[in-house]
Amino acid sequence: MFRGGTHRLRGQPGLSLPHGPRCYGSAPPELQEKTLVLVKPDAVQRRLVGNVIQRFERRGFKLVAMKLLQADQGLLDKHYQQLRQKPFYPALLAYMTSGPLVAMVWEGYNVVRSTRAMVGDTDSAVAAAGTIRGDFSMHVSRNVVHASDSVETAQREIGFWFQRNELVAWESGDRDYTWGP
C-alpha cells in the first residue's frame, strides 16, 4: 500500500498521482467516492472503450454503472449547462450527438482526483503521455473522454446520466487483500 507523496505510473515520466492508498477501488465504504466518465463519440467510433475501461480496472477502481447511448440535446444541455453560452457550444453539441457514447460510473478511494490525473489535460497538445487524452486524443475538440472535476460535480452529473437504481452496489473481492479483514 502506498502512503504519502505522489508516485509515477510505471513508464510514465511526469505523471503524478494523488496521495493515498495504491489500490483505489477496494477502500472501505466510508472512503469511497463515485465519478462520471463519458467515453465520447470519437472514442467509441475508434473502438477505444475497452482501453479506457482497462485503465480504470488496472487502477483498482470499481465499475458500478455503464451504458451505451445516443445523447440528445436536452441531456447535453443539462450536462454542459455552464458552457451553453460559449461560442463553441454548437460544435460541442454536434460532436456529442454525432454518435453513441458510453457513460460510466466508477467508484473508489479518491476516484475523482485520480480520474482527472488519468484523463489528462483537456487540450491533447499538452496532455501528458500516459494519460488517456495524451495517448488517444488528436485534437482539443475531440478529446476522447469527459471526467467529473469534483465530488459535487460528479454527484450532479451522475444524476443526469443514471437513475439511482442503475448504480449497482457490489462487493469487490480484493478489499480484504488490500485493507485486511
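Start at 1 and count along the chain as shown; that gives each residue its number.
Glycine is no exception: its Cβ is also placed from the backbone N, Cα and C atoms.
Per Swiss-Prot, the ATP site holds Phe88, Arg116, Thr122, Arg133, Asn143; the candidate it also names there, chosen from Lys40, Lys62, is Lys40. In three-state terms derived from DSSP, His146 (active site, pros-phosphohistidine intermediate) belongs to an extended strand segment. Geometry remark: Thr122 (ATP binding site) versus His146 (active site, pros-phosphohistidine intermediate), CA distance 9 Å. The CA atom of Arg116 (ATP binding site) is located 9 Å away from the CA atom of His146 (active site, pros-phosphohistidine intermediate).
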